[in-house]
Amino acid sequence: MKIISWNVNGIRSVYRKGFLDFLEKEDPDILCLQEIKAKNIPQSGNLFSSDILGNYYLAVNPAIKNGYSGVAIFSKEKPIRTSANLGLERFDNEGRILELEFPKFTLINLYMPHGARDKHNLEYKLESYDALTEKLKNLKTKKPILCGDFNVAHKAIDLANPSTNRNNIMFTSLERSRVDRLINLGFIDTFREFNKEGGNYSWWPYRLGLRERNIGWRIDYIYISEGLKSSLKDAFILKEVYGSDHCPIGVEITI
């Protein structure tokens with residue numbers, strides 16, 4: 001099974017930049033999208049009039065606010081249950097989570113809050129991570145898979161300039177400690193199971209030339225529970241795929 005996760009920074013925008021060609025080439029069994037910035041994603045009509053999408057079940061959790069946030073999942077297998085809440089009113093109103101339960105695992109697509117450069121939303125971000133941790137404590141038997149934009153570079157190896165960003169949002173010790181708590185629950189950073197090297201990033205600021213010079217951050221992750229570790233076959237970053245300030249990431253897993 002191939003699972004791909006991608007913060008598209010606007011589904012309509014990425015659609016105009018080759019989204020369907022990407023989908024046809026990669027042919028994922030599950031595709032998780034973040035920051036769709038749309039109320040709905042019709043599988044027919046002007047936005048997606050393609051036979052490719054006819055193979056997929058579609059679940060969408062949009063933000064109440066137009067043109068903001070939102071997550072979606074395309075899946076070739078229909079889930080047995082769908083949920084779209086974490087239990088925090090602001091978080092849930094912003095359409096940041098989508099949970100699909102399948103017979104052998106549970107998939108959670110996440111778009112975690114950024115926190116803001118001036119950190120005025122840092123407390124909200126930490127509260128969201130704490131609520132997620134509590135939720136996951138009750139899901140261990142469901143073999144959860146977490147994917148999405150976590151808006152945190154977990155280790156120094158996960159960004160190009162750790163020393164100059166140590167006190168900046170997305171790399172503060174408080175944020176990184178929240179990711180540590182996820183790891184301590186028994187979750188595995190799938191990419192690091194196969195690649196221990198630096199220079200592997202999933203997001204680059206839009207400033208001129210940073211992506212070309214690979215001055216980026218790895219803030220998009222797919223985490224699997226310990227019970228699925230033996231099923232993990234590969235994990236990858238598709239840095240050659242453009243269309244967003246993020247690139248897609250993925251795993252191959254036998255379930």
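Note: Cβ is positioned from N, Cα and C throughout, glycine not excepted.
Note: TrEMBL annotation is automatic and uncurated.
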Task: Candidate from ASN7, ASN66, ASN121, ASN214 that TrEMBL assigns to the same Mg(2+) site as GLU35, ASP149, ASN151, ASP245, HIS246 - done: ASN7
Open item on the list: An 8 Å radius from the center of the ASN7, GLU35, ASP149, ASN151, ASP245, HIS246 Cβ atoms defines the neighbourhood of the Mg(2+) site; name the other residues of that chain inside it, in order.
Closed with: ASN9, GLN34, TYR111, TRP203, ILE219, ASP220, SER244
Task: Rounded distance in angstrom between the Cα atoms of ASN7 (Mg(2+) binding site) and ASP220 (site 'Important for catalytic activity') - done: 8
Task: Pairwise Cα distance for HIS246 (Mg(2+) binding site)/ASP220 (site 'Important for catalytic activity') [Å, integer] - done: 8
Task: Length of the line joining the Cα atoms of ASP149 (Mg(2+) binding site) and TYR111 (active site), in Å - done: 5
TODO: Sort ASN151 (Mg(2+) binding site) into helix, strand or coil using the DSSP assignment.
DONE: coil
- [ ] State the Cα to Cα distance, in Å, between ASP245 (Mg(2+) binding site) and ASP220 (site 'Important for catalytic activity'), rounded to an integer.
- [x] 12
